[in-house]
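The structure appears below as structure tokens.
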Amino acid sequence: MNKQKKLPTFLWWIHGIIRFILAIALLYNGAIKLGLGQYGMPDLGDALIAHGEMSPMGLLGRMVAFSPLFQILAGVAEVGAAVALLWRRTVAIGAMISLASMSFVFVLNLGYDMPGKQISLALLIFSAIVLLPWTKRIATAFIGQEQISSAPTPSMFTSSKISRITRIAGPITGFVILAVVGWLAFSSQPSLTINESVPAGVWMVVEDTEEPAAHLSEDTRWQKIAFGNVEKLGKASVQVRIANGTLLEGTYERIGEDTVQLNLRELRMPGQTVKEYNSSPVQTVELTVQEESDDTLRLSGNGMEMVVRAAPNARLLYDRGFHWGIRPDDPFDR
């Protein structure tokens, strides 16, 4: 008799541990999505990279970043599932939400070759294990005709007195732990601020004092510049397209009233580790930005003198916006 009681108790302990680990993972992932810390926001400083220059992971990251609404809804689903997993009456709901969410994440990770595919698969399996004791009731509710059986009651202790105490103390303790983890995850994300002031925007060079090279492949003059409008820790992203086709990327910082400092590198190459890329040479350029009366900017510094004009056609993705009604040019699939 004791062995018959100990086995279900042991299995419920395993179930409880998996449920708690799943709740922590969901809460962390959901919290960083709610703070837009995982994928960020659409940024003008990323406007120059071509579709073919992106990695599959980069393509997914930009797609998700373009929609803060998508990120927030995903975060709400994951945080809601984590909270629901703590109380025995809502475990099944939380597990179903988690199963659906992790299935979607796993498919995205597979389709875009994300490095987190193994973790998302593990969380998907955890969701299925947590839901397992309720699968018969759920199946009966949707496709069965017989009476729905009573819900299983997780019992991690053989003593009924201890079980009554843990039914109250357990969720409360879990809520406190989740609250601490959620606060740490949310507060650890650097705040993002929007700064639309000059030079933020996408610009094309219309005048340049530097002489062109004899061969286009050797021409290192700047052709287009994208200054980001989303700042993180005082820095924003920047991209520079050179005349020979090379794309430089990095960050820029406003170091004076009319001065910006750019730190640029070439794109990371396949096979290059993050450590190798971060230790690759950096081109530091300090430019003075002067607004002209004809809506152009004069950029000077580091032996460069150029005039740039706004390139509205290069920022359509960021300016198109959302409209509920049908516009005259819909469907605008470009």
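Every residue, even glycine, has its Cβ placed from backbone N, Cα and C.
Sequence-distant neighbours of the transmembrane segment (12-32) (same chain, 6+ residues past either end, Cβ-Cβ under 8 Å): 38, 74-83, 85-86, 91, 94-95, 98, 101, 119, 123, 126-127, 129-130, 133, 154-156, 174, 177-178, 181-182, 185-186, 189. The transmembrane segment annotation in TrEMBL covers 12-32 (among others).
The annotation transmembrane segment is assigned in TrEMBL to 63-86 (among others).
The feature transmembrane segment is assigned by TrEMBL to 93-112 (among others).
For the transmembrane segment (118-135), the list of distant contacts is 15, 18-19, 21-22, 25-26, 85, 91-92, 94-96, 98-99, 102-103, 105-106, 109, 151-152, 154: same-chain residues at least six beyond its ends, Cβ to Cβ under 8 Å. Per TrEMBL, the feature transmembrane segment maps to 118-135 (among others).
The transmembrane segment annotation in TrEMBL covers 165-186 (among others).
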